[in-house]
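Worksheet for the structure shown next.
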Amino acid sequence: MSFDIAKYPTLALVDSTQELRLLPKESLPKLCDELRRYLLDSVSRSSGHFASGLGTVELTVALHYVYNTPFDQLIWDVGHQAYPHKILTGRRDKIGTIRQKGGLHPFPWRGESEYDVLSVGHSSTSISAGIGIAVAAEKEGKDRRTVCVIGDGAITAGMAFEAMNHAGDIRPDMLVILNDNEMSISENVGALNNHLAQLLSGKLYSSLREGGKKVFSGVPPIKELLKRTEEHIKGMVVPGTLFEELGFNYIGPVDGHDVMGLISTLKNMRDLKGPQFLHIMTKKGRGYEPAEKDPITFHAVPKFDPSSGCLPKSSGGLPGYSKIFGDWLCETAAKDSKLMAITPAMREGSGMVEFSRKFPDRYFDVAIAEQHAVTFAAGLAIGGYKPVVAIYSTFLQRAYDQVIHDVAIQKLPVMFAIDRAGIVGADGQTHQGAFDLSYLRCIPDMVIMTPSDENECRQMLLTGYHYNDGPTAVRYPRGNAQGVALTPLEKLPIGKGLVKRHGEKLAILNFGTLMPEAAKVAEALNATLVDMRFVKPLDDTLILEMAAQHDALVTLEENAIMGGAGSGVNEVLMAHRKPVPVLNIGLPDFFIPQGTQEEARAELGLDAAGIEAKIKAWLA
């Protein structure tokens, strides 16, 4: 998509923040309007995260107008809202390539631009990193400002509060901006509150505030009276007591779509000392009515026609694995009142919408709090219930200690339904589910299952749900199922694989949903094909049998080779002193960039042609 100068005449003048700061302030509302329209035009043609960026246009313009970026350092949390930032920082003409192979990264990325101070993708990291960056800037002595932008979802995570607690203790010079994009502008946002925010953020108020503290510090009753008076005055118009108690000077809430007001407030706050907190209210999906009405649906979008006001409907093909899980969850809950389902803010993505509506008293969305989700599940299990934690592979990493300390050591029957396992695609390095088999396999008493299709996935979910001797995990990929027939639910024998095809000389031991590719390769090479099903416990007997009957073995998985299922097979063979050659095929030792799942598998040699080529080269 080429940039249309006639359509966006003001935006055409801005290809860097230096050019932005040369614009007269009066032209900035027009720039915001063009930037929002350009974002709509670009993302609707290319796909990507959408509603969040529409809500941060004015904030982004104001930040880059007031602060001397990239010298001053701007940190975006998660990064869904950073598309306008990318457009204003030299990447305007490439925004149509975002999330595509070889295109712009879906999130702020240090290797892509000097304006991207912190590489992100997971939530709630900005304030912690910002404190470190602010401390480094102070020691550097170059008067460099630090600003963190965090959303109302990300700030609910414990890590954000840990960071703010630390900031209140060491008091670095930094600004945290809370982008609060609830469904409506707060009743406190208006002319009076914006005017008050500018007064409270000014140097005069700050000087009087700090000077008063020093003068009356030796007179405890008066000091306490002043504190209470200030809190009372602020409390009449702002909800900032919590952040004040953490040691921040709180300002807000203010209208996040008033670019001129934001500029005034930011200029006032730019030179204040110590940790500052600015609370802004924005509208997710701002400027595009369908996204304003349904920001969840328009959070991330495929290519669509903006004039239609709706996203393209599914082709009605095969259900996704998330839907398979959601259907199983509802079916099981209808039979067993002990089932409790937990998700860390991933209801839609994990296929739990129907469950949340049918069983609201047994559905728990704990927000972006993976650690809490796991230990909460442990408590439910102790109380005699049957918790199912639905979580993406990449986010389960954030609760690793809780899986070990709070669940596995106590042998609690918590089942982890691990979605987005393996290659995820367009969200790139931060979201690939590359490591779960490796980091779970080493945990004692953990049962790990890898279904080869949707029917086996259902059976494994049932098996894990009814396993009472410790935690279980069923991992399945992003994307559509394979269209196999669904059979009645029945428990599988723990730790037992299944031979799918008998061949000669070579045996392929497959773990998971690469089975269709493995079947093609087995047919081409006349190899034995085994659906291993369990990563832990491994079917040692079957592995040794395959080793005895074949000249070589190949393991296949969509997980990191290091420490994965193939490593487990190697360990079994070494423990029994079996000198059979083994080729481990899986994800290589680097972080996999964005692109479609098909592109990534082809490039990594995990499609049928690539797997066959790897095996032939190894056997040659």
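Numbers here mean position along the shown chain, with the first residue as 1.
From the backbone N, Cα and C atoms, a Cβ is placed for every residue, glycine too.
According to Swiss-Prot, the residue from N181, N249, N268 that belongs to the thiamine diphosphate site alongside H80, G121, H122, S123, G153, A154, Y288, E370 is N181. Taking Cα separation as the measure, D152 (Mg(2+) binding site) is nearest to N181 of the binding-site residues H80, H122, N181, E370. Overall, the recorded thiamine diphosphate-binding residues H80, G121, H122, S123, G153, A154, N181, Y288, E370 cover a maximum inter-Cα distance of 32 Å.
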